[in-house]
């Protein structure tokens, strides 16, 4: 078993390393921008698919041989179920790309659910093994009355029971309507005329794979009932091309706010390979795209009282060398009068930290991206890479960062130890 695991690790390690080298080579190549962008996306998909294969292989080696050797018919059936889940999970990314449409395809829902179960099983195996090792080091007896082979079977069945419980909890949790999270946030330089001004933040809707038109219609209805002054979408609105899901996003036409609807790109818009087409489509639907730009709202009763809403492209737009895309704070805030109350939209929280260091006059940065982890073990990934994980954070210079946990979810229709939200923010002067 260990030898097989080592071989699988070596093979996957080689594949990922080769992809990483080719990714770096492509990044610094002299290819034209469009070709380079498409090559980088393909290489990213290959790297992720290799990692997913390794995770599935890890679960297979740790779980299935023990169940296969069992004389119990039930345990052999469990082995076949686990095997089917691991295989189907490998088709998730491809089914999402090919079958995206107005509503989620049944096969896509199944494969992404299987991917989620695979991740939960891998995480549970690691945590149970770690706990088992700690208890052994402390000489705590664990099922001491059982034979060694029976202990192994007991551990496997425990892992499957925990994984099944987390799966059911995650599916049920993700199926709930997003919580409306009401906040009051003090904003630097905010004129008194804007006291109580409301901003409704949506983020990470991920329409196109396992979220479709029906879910978006429900959100539009909820938002319109709240009657905010402004609605903002902080990235990852879509997960497919305009051609595939044009009908799915049509409900945005009915999304209304007194001072408009504003949007910035997220990393997943760049993964679609169709960002420019999406910008045109969203503008057609009445969404103002803040492409490293800003707008200024003047109070109707006092034109000298102003509030600026600025937005920057997602960080990955620069990584993938997608035309003029990428975080350009100087461009987004160019021409802005000093001491104007400013709210910045930026998909990834790490951009918020850099923005507040460079522009301390920004009063609030609204972000998304992390989904508050969404599912184990993604929590750890975002904890490491992002300076802010979820919720409201006060910056050292009196500014604030709010990280939305996501209005829906990406791919896997699950949320484990995280929840969906719509942020309804009231602004107050400092």
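Glycine residues also receive a Cβ, built from the backbone N, Cα and C atoms like all the rest.
Feature annotation from TrEMBL assigns transmembrane segment to 9-31 (among others).
Here TrEMBL flags 37-56 (among others) as transmembrane segment.
Annotation comment: TrEMBL describes 77-100 (among others) as transmembrane segment.
Among the features that TrEMBL reports, transmembrane segment is placed at 106-135 (among others).
Within the chain, the transmembrane segment (156-172) has long-range Cβ neighbours (under 8 A, six or more residues past its boundaries) at 62-63, 66-67, 75, 78, 82, 113, 116-117, 120-121, 124-125, 128, 375-376, 412-416. Look at TrEMBL and you will find 156-172 (among others) tagged as transmembrane segment.
Per TrEMBL, the feature domain 'Calcineurin-like phosphoesterase' maps to 198-372.
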Segment confidence, the domain 'Calcineurin-like phosphoesterase' (198-372), expressed as mean pLDDT: 95
Residues from the same chain, set at least six apart from the ends of the transmembrane segment (77-100), whose C-beta lies under 8 A from its own: 45, 48-49, 52-53, 56, 59-60, 63-64, 67-68, 70, 107-108, 110-112, 114-115, 117-118, 121, 160, 208-210, 239-241, 244-245, 411
